[in-house]
């Protein structure tokens, strides 16, 4: 792996140039398109249930996904140092290769019923996904100005959701008249082709951070060119930040409902109905991130005020949704050990089930934005963003790993719902507490803190410090309450 990383750094394939391409917003758009092609399409497959295969294969999917997200966790945590060593361009290109390979593994399983190769491809995707997600999170945080954080995050998630919607429409169109429980070969082929395009996007359009300019004209500082060992030590130091540790439970919980919802969709509905559910689940997420952004980035309100308002609304919706879904499971006596009702959209009872499924889509999309927005309160240092991004995505993957592990263990739908009620309550509470404490603060590290032991930089360019000094915050900070060895504005 070390040799591969070193060789990739030496590759000098030219990328597309131009002022537009080098803007932070365009770079975030390209990162979003990569999410469209890879995780977006992958989540469409996951939403079909059982990893896109036959519903009786859900145990194989749970085992594979547990391994995938376990490796995703480890590689996500290490993603920051690897990202800073490779640079975003090659980190994204390498990370994108895991998704088409994994879909190929699912295709192989659907045709042969043999699990070995599928489990291997799941393991490879876990490694690749940790790198891809750390890179996209870094871009959303480092290439945006102080008042654009949630906008950049929302752009990534909305375009990813569009990818999942396109994938779901493809599957829905093919499955509309299908009576089979499996996924047709055409779905796999189309998905693999779309995912492979992400590798080309990364190679052709992603620029070095030293070449990227934010919308206010300042430089998106290039991560420092420390040794890999120094970067790992920096990761360890970041992991000791108690503020970040307080938000990691929120990261853990934010997407942990994925296996529960996927299995419910696979178990309770017919193939064409769960394909329709999948379409609508992602369509609603076109709107959720940007509606949430209108609150979190509202210039008329102070940052802490708008954060508390937005996160309180989110908490009420999430808790009400989970309460409703638990009530639905109890009232319908839904038990995974019973025969599937195979509910079709033409049958009575579908409307209420669909509403609950869509509300869980609101939880899913809003949680992505809210956790990253809370993490953006902690710092404006690109070095820290790279490390925070890896720790955040790795911990989020750990929650998804546990989610698939719980499902694979045969825990009842009701039992899983209670677990996720607790998880998401902790998420909402920790976000509100951290926003109330740190909502007014933005870490503007001094030149001394960021550059003391850094003598060389990516592309040999000494980053400008004007990014730290020129970003404006919406709030005034009571400097008397802050430690004297740090600079805040």
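Every residue, even glycine, has its Cβ placed from backbone N, Cα and C.
Transmembrane segment is the annotation Swiss-Prot gives to one range among 4-24, 67-87, and that range is 67-87.
The stretch that Swiss-Prot tags with transmembrane segment, taken from the ranges 255-275, 276-296, 444-464, is 276-296. Note on the transmembrane segment (276-296): residues 43-44, 47-48, 149-151, 153-155, 157-158, 161-162, 164-165, 168-169, 171-172, 265, 269, 306-307, 309-310, 313-314, 345, 354, 357-358, 360-362, 364-366, 368-370, 373 of its chain, located 6 or more positions outside it, place their CB under 8 angstroms from a CB of the stretch.
Within its own chain, the transmembrane segment (397-417) has Cβ neighbours under 8 Å at 58-59, 61-63, 65-66, 68-70, 72-73, 76, 126, 129-130, 133, 251-260, 263-264, 267, 322, 325-326, 329-330, 334-336, 423, counting only residues six or more beyond its boundaries.
Non-local neighbours of the transmembrane segment (186-206) in the same chain are 13, 15-16, 21, 26-27, 30-31, 33-34, 37-38, 41-42, 44-45, 52, 88-90, 92-93, 96-97, 99-100, 103-104, 106-107, 110, 163, 167, 170-171, 174; each lies 6+ residues outside the stretch with a CB under 8 Å from one of its CB atoms.
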